[in-house]
Amino acid sequence: MESIRRNSRKEGIKERIFLTIGLLVLSRLGTFIPVPGVDHDAFYQSISTNPIVTFLNIFSGGGFASIGIFALGIVPYINASIVIQLATTSIPNLEKLQKEEGEAGRQKISQITRYRALGWAAIQSLGVSFWVRPYVFNWDSQFVVQMTLALTTGSMLIMWFSEQITEKGIGNGPSLLIFINIIAGLPKLIQQKSNAISSTNQTTELVVLASISVYDSRIFIRDRRYYILQTVGRHCKQTSYLPLRLNQGGVMPIIFASAILVLPAYLGQVIQNQFVLKLVTLLSPNSSDKNLYLIFYFSLILFFSYFYASLIINPNDVSQNLKKMESSIPGVRPGKATTDYLQKTLNRLTFLGALFLAFIAVVPSIIENITSISTFKGLGATSLLILVGVAIDTSRQIQTYLISRNYENIMK
């Protein structure tokens, strides 16, 4: 800690930290700026016990319940990112932009993602403007336009905040924004739990919550260790190592899966159809029968773990790079055999990591169903995993940045 404090005084790291903190504070302030024309007291009382709104508030830090200008949060941008990243694996032009055109191609993909996020934010904002109609003082076309513009603009600001944090700050912007929104709800949760300690069952609830929190943290740290694969150079005969992580995607599969589960909730609030509402209730983490939700959530985490691993590591590219460096894996022929070996190894690691991640995400809900102890009301395992994962990723990025700065100073 002393070395971190000493190094943080160096030029660069302080600016990044201050920028990150400043943008996170601004993102929180926006949730308290209400959209005009809505009876916010009546609206809050009406939806305060709505489990779907409670789920949506995870991503907006309470902004959805108060209909602040940042009510949509980072969800439109995450949804757009999911669509574009899926498209890069199936649309040749996008795949070419990502792999062959370098930084210019990635910037074009980022621009496409922004436009898609803008469109999705406008659609969601329009839907919310119709949803709050019973609580609006003077609902007309002018109000619909004003609210759509306000929520869309707020979502675009959040998107810009996230990009600035990623590029010029510390950590992953979208992850940190979700992180700070979850943290914002902790004081209220702690107060509720403190006031509730009056019986053995309630004390047991806190013990289980603390135990699962520690359990989540330990498992999540363990599954992020590196898997070492030995390589040998042909001429110099030096031994080096190719690191493969058990969980390539980190916390992103959890965030992506949660973002997908938010979509039916949005539709359920806008489309007042009995079938849609029933489907939304079944896919809600607060539903009475969580079996369908748990199966769907488990499957989404598995899918996005494999999907994210395929984006981060391409076995064919790694094989070609090893061949160019005149290196090989002992006992494996260069070329296609190396590619197949890497793909097989990556699939096994991803499968184990995805199972760990999905299991830790759903086991608290299973325990809650069995014991009938509502341990995770307000702070589910998903939130715990996101908190732990983002904290680990951010601290690791700070350490990497400090090491690179020290190396640059030595070279100078």
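Just so you know, the numbers here start at 1 and follow the chain as drawn.
A Cβ is built for glycine as well, from the same backbone N, Cα and C atoms used for every other residue.
Residues annotated as transmembrane segment in Swiss-Prot, with sequence analysis given as evidence: 17-37 (among others).
Taken from Swiss-Prot, the feature transmembrane segment covers 58-78 (among others).
Proximity of distant same-chain residues to the transmembrane segment (117-137), defined by a Cβ-Cβ separation under 8 Å and at least 6 residues beyond the stretch ends, is recorded for 37-40, 42-43, 46, 67, 71-72, 75-77, 79-81, 143-144, 147-152, 155-156, 159, 266-267, 269-270. What Swiss-Prot records for 117-137 (among others) is transmembrane segment, and it gives sequence analysis as the kind of evidence.
Among the features that Swiss-Prot reports, transmembrane segment is placed at 143-163 (among others), with the record citing sequence analysis.
Here Swiss-Prot flags 170-190 (among others) as transmembrane segment, drawing on sequence analysis.
The transmembrane segment annotation in Swiss-Prot covers 251-271 (among others), and the record cites sequence analysis as its basis.
Per Swiss-Prot, the feature transmembrane segment maps to 293-313 (among others).
According to Swiss-Prot, the feature transmembrane segment maps to 350-370 (among others), an assignment based on sequence analysis.
If you look up Swiss-Prot, you'll see 372-392 (among others) marked as transmembrane segment.
Within the chain carrying the transmembrane segment (143-163), a Cβ under 8 angstroms from the stretch's Cβ atoms is held by residues 23-24, 26-27, 30, 35-37, 68-74, 76-77, 110, 114, 117-118, 121-122, 124-126, 128-130, 132, 136, 173-174, 176-177, all 6 or more beyond its ends. Beyond the ends of the transmembrane segment (17-37), by six or more residues, the same chain brings 8, 60-63, 66-71, 136-138, 143, 146-147, 150-151, 154, 157-158, 161, 164-165, 168-171, 176-177, 180-181, 184 to within a C-beta distance below 8 angstroms of the stretch.
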